[in-house]
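Engineer: Below is the structure I would like to discuss, written out as structure tokens.
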Amino acid sequence: MRFLTAGESHGPQQTTIVEGVPAQMELLEEDINQELARRQGGYGRGRRMQIEKDKVKFLSGVRHGKTTGAPITMVVENDDFKHWEKIMGTEPLSEEEAEKVKRKITRPRPGHADLNGAIKYGHRDMRNVLERSSARETTARVMAGALAKKILKTFGIEVGGQVLTIGGIHSAQTSYSSIQELQEKTEASPVRCLDPEAEKQMMEAIDKAKADGDSIGGVVQTVVEGLPVGLGSHVQYDHKLDGKIVGAVASINAFKGAEVGIGFEAANRPGSQVHDEIVWDKEHGYYRSTNNLGGFEGGMTNGMPVVIQGVMKPIPTLYKPLQSVDIDSKEPFKASIERSDSCAVPAASVVMENVVAFEVAVSFLDMFGTDNVDRIRRNFEEYVQEAKEF
Ligand code: EPS
């Protein structure tokens, strides 16, 4: 299974094409819309989210509520496009008209793709870079992820997540008794955090950042439960599923890194306090008595929950802009001010769940087949039994 996204932030629509989705799986637009709505929420979002009401439209690959096995095309219209039709038009402009086109960007924002992209592609108007590098693109990735989540759910695999820190404030309550409890409690929190006291402080920190014209980042966690042993493989570097997940997470807009299980903390502990001891009982087969390694050994799932953390830097578009240089005059200037969010960490937590879900679903289908959902189920159930009796 693979996907491509296309679309500009203020262009007509976001498009995702996913190829390799098994046939005969029940799929409704509502399955995708639920995830899109979750991504739009969260305390700290700016005015753009009041303009957009993201709803998917299937344009191929789904018929009468079921997948056909053909590529699935999904689009979300950008409602804001109506304000940008001239600026984002596709027809050529005369020189005179080009002069009149507003919102040309010549003052790159530090921390953004603006300057690197402009030099690389030769754009004197950096809007050509900004429009595609914008985190609006995460809408398209969530469409792919929502489809992946649906595939996983079909086989009893659940994905959840929580916000661990925002602006240096740490959640002191990160454990939960079941993934359902994690899903329900984070859904009810404006910052997707399990600790009510930290939630309050995080919201105050977001208010302060907004009042200061600044932005703040944070750390988010994704959990996947119900996975069999052996997704991914040790036999080649690019089959290692933990590596693929870390790469995918680091590719989310504004993410600077990812860790698996206790991650960087493993550097501070002796091996005896890192590796998870192996136990066996008749009901469950093999499992681990702890989960420091976040569900991975040798690039493969070990049957324990997959636990990944990702770090998001503060959004680089600041209302109190940093120092930059105008690429036309070469004079020092404050960077361009663009509308933005003061904190998108809660939304990023939803994006990360979906990004991780896609990588996991790809490995799942690689292992059990891609054509037909019932055949995949037979392969999966047979293997789960085999692993238990091993
Ligand atoms: C973004 C800037 C803001 C955000 C946008 C990401 O958009 P605008 O410039 O139109 O105000 O709202 O996020 C989304 C539109 C979204 O759907 O998440 C940026 O520069 O990355």
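Note that the numbers count up from 1, one per residue, in the order the chain is shown.
Any Cβ shown, glycine's included, is placed from N, Cα and C.
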Engineer: Pick from Arg107, Arg269, Arg339: which one does TrEMBL list with Arg132, Ser133, Ser134, Asn253, Ala254, Gly298, Lys313, Pro314, Ile315, Pro316, Thr317 for the same FMN site?
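Structural biologist: For the FMN site that includes Arg132, Ser133, Ser134, Asn253, Ala254, Gly298, Lys313, Pro314, Ile315, Pro316, Thr317, TrEMBL also lists Arg339.
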Engineer: For Lys313 (FMN binding site) and Arg45 (NADP(+) binding site), determine the Cα separation and express it in whole Å.
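Structural biologist: Each residue's Cα considered, Lys313 (FMN binding site) and Arg45 (NADP(+) binding site) end up 15 Å apart.
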Engineer: Over all pairs in Arg132, Ser133, Ser134, Asn253, Ala254, Gly298, Lys313, Pro314, Ile315, Pro316, Thr317, Arg339, the listed FMN binding residues, work out the largest Cα-Cα distance in Å.
Structural biologist: 44
Engineer: In the structure shown, which of the binding-site residues Arg39, Arg45, Lys313 has the fewest other Cβ atoms within 10 Å?
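Structural biologist: Output over binding-site residues Arg39, Arg45, Lys313: least Cβ neighbours within 10 Å is Lys313.
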Engineer: When you measure from each Cβ to the nearest atom of ligand 1, which of the binding-site residues Arg39, Arg45, Arg132, Ser134, Ile315, Thr317 fall under 6 angstroms?
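Structural biologist: Within range of ligand 1: Ser134, Thr317.
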